[in-house]
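**Q** Annotation comment: TrEMBL describes 148 as active site, proton donor. The active site, proton acceptor feature in TrEMBL is assigned to 219. Per TrEMBL, the feature (S)-malate binding site maps to 201, 469, 514. The divalent metal cation binding site annotation in TrEMBL covers 290, 291, 314. The domain 'Malic enzyme N-terminal' annotation in TrEMBL covers 125-305. Positions annotated as domain 'Malic enzyme NAD-binding' by TrEMBL: 315-583.
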């Protein structure tokens, strides 16, 4: 990649060079620089409907913001109150209503305020998409946890009861043989991004069947808000192959197929047909796989990744964010990055997310050690994996094929005073790790006993990463971690937590290891580069960019991930890193007017300008009516 990880040497100069990605470059022309056409800019929108039809279409509806000339042009005069309001006035009115309606929108005392907020936002989404995304972008810190984790978990659990208006597409086992024609039922001729799930492992909540489409909708909301993907060119998808959730199978109100899940070749045939259908209609689309159970996540990733533009966020996105956190922890400990291969890491959880993190971290360690087979084998010894059956060793019967490379050698662990199946607390006590990483989906797994054992870590600043989602599945809370282990720790979680007041003016920073720091930039960078695949190098470049985003001062304070309020800038920088890597790997074929050869000529500032000019912003366009 031509950067400090691949060269295996870290210097302050190189670190500063990576951190220069943070610069915000104005989209202006200077002597010798190229100018670009703004493809997502202020161009008129041609519509083929008028009157009430356009008011009922959330893609084009502006509500009271339609100007008087537009009202005349679109036969709207008299259908709206006479006062034309600005988008700012509309949002001010909506925010006042939202605060007032939060209580009344709840379905009884047991219904949390977060779900009430989701309902109100969803109603806005149903009637005015532009305003919805403007509210989301302008209040991203407050509303990202509502449209995404943790509230999206509640939404998925209750989705059959919450369903009001269809959003996205549903492909089911009953649609076999029909999918190639079904894709033409979607009204958009161009789709840039699809997020697809089969509902088999929604967050840490298990099999939610067809209700899992909520996760696809939530992820795409973040693609629009963070990456500026045009909302008219995104498609949430649910592939319903049944459910093994007995409660849903018996629920008369459940909206999905009430039969057990397809397995084996029948299951694969359904996914194959879906992939062929969407890439036949939209050859340049990017498909993000989301919340597939572990036994299919890796298999499908390997099956499609060299043929289609696709990636799995649970395997590759989580891995990248976790890797950025691990590299940040090295920096926070005041150590040179080359020390990363020396870190001792205990991982709780051997599902798709856990194995994805292990693979990414191992590959990075191996590159730092010389990128040889010996280096790759040596890096293996830095990980201790604990699953539901305890410490994973080669003595275990029926080891999952994806986890096998991380099974400890029996003689090795015996020298450490451990055995096959050793409990997490005992492993932490004997290994004295630098990092305790949780991807188990077991809330409270990092018990007092486990955290007490971490106090003996050989690290001056041990890192604790309870990364499981939603919040109730977090392996521990920040209060538990700081109070038991000490004020000096580095803390990062999958779900959002408030910082901890440590007293005497000191703050325990609660970093959110949120996949939204990476997947929007990976998707946007892949789209704008025109790469036909999402390569390991592109994913690695994204993780490295995130790892270097924070300043040295921030990292030494224990802040290893940025604030979500900076998400569009982070996404722009990650996308730039992905595009640069695609160019270096000779994968970039360009996007729209920018072909691959022109893309190769751009310097870093011009790549950023190119990205910004292709990021959609929620501003009302001029609407022009044209007969079909």
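From the backbone N, Cα and C atoms, a Cβ is placed for every residue, glycine too.
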**Q** Could you measure the widest C-alpha to C-alpha distance across 201, 469, 514, the residues recorded as binding (S)-malate, and give it to a whole number of angstrom?
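**A** Between the outermost Cα atoms of 201, 469, 514, the distance is 18 Å.
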**Q** Can you give me the Cα-Cα distance between residue 514 ((S)-malate binding site) and residue 314 (divalent metal cation binding site) in Å, rounded to a whole number?
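**A** That comes out at 11 Å between the alpha carbons.
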**Q** Centre the Cβ atoms of 290, 291, 314, go out 8 Å, and tell me which other residues of that chain have a Cβ in range of the divalent metal cation site.
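**A** After dropping the recorded site residues, what remains is 197, 201, 202, 215, 289, 292, 297, 312, 313.
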**Q** Between the recorded positions 148, 201, 291, 314, which lies closest to residue 219 (active site, proton acceptor), Cα to Cα?
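**A** Smallest Cα separation from residue 219 (active site, proton acceptor) among 148, 201, 291, 314: 148.
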**Q** Which one is it: of the recorded positions 148, 201, 469, whose Cα lies the shortest distance from the Cα of residue 290 (divalent metal cation binding site)?
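**A** Answer for the nearest of the recorded positions: 201.
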**Q** May I ask for the distance between residue 201 ((S)-malate binding site) and residue 291 (divalent metal cation binding site), taken between their Cα atoms and rounded to an integer number of Å?
**A** 5
**Q** Expressed to the nearest Å, what is the distance separating residue 291 (divalent metal cation binding site) and residue 148 (active site, proton donor) at their Cα atoms?
**A** 13
**Q** For residue 469 ((S)-malate binding site), which residues in the same chain are close in space, meaning a Cβ under 8 Å from its Cβ, but six or more apart along the sequence?
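**A** Residue 469 ((S)-malate binding site) has long-range Cβ partners 149, 150, 153, 203, 204, 441, 494, 495.
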**Q** Need one number: mean pLDDT over the domain 'Malic enzyme NAD-binding' (315-583).
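**A** On average, pLDDT over the domain 'Malic enzyme NAD-binding' (315-583) sits at 94.
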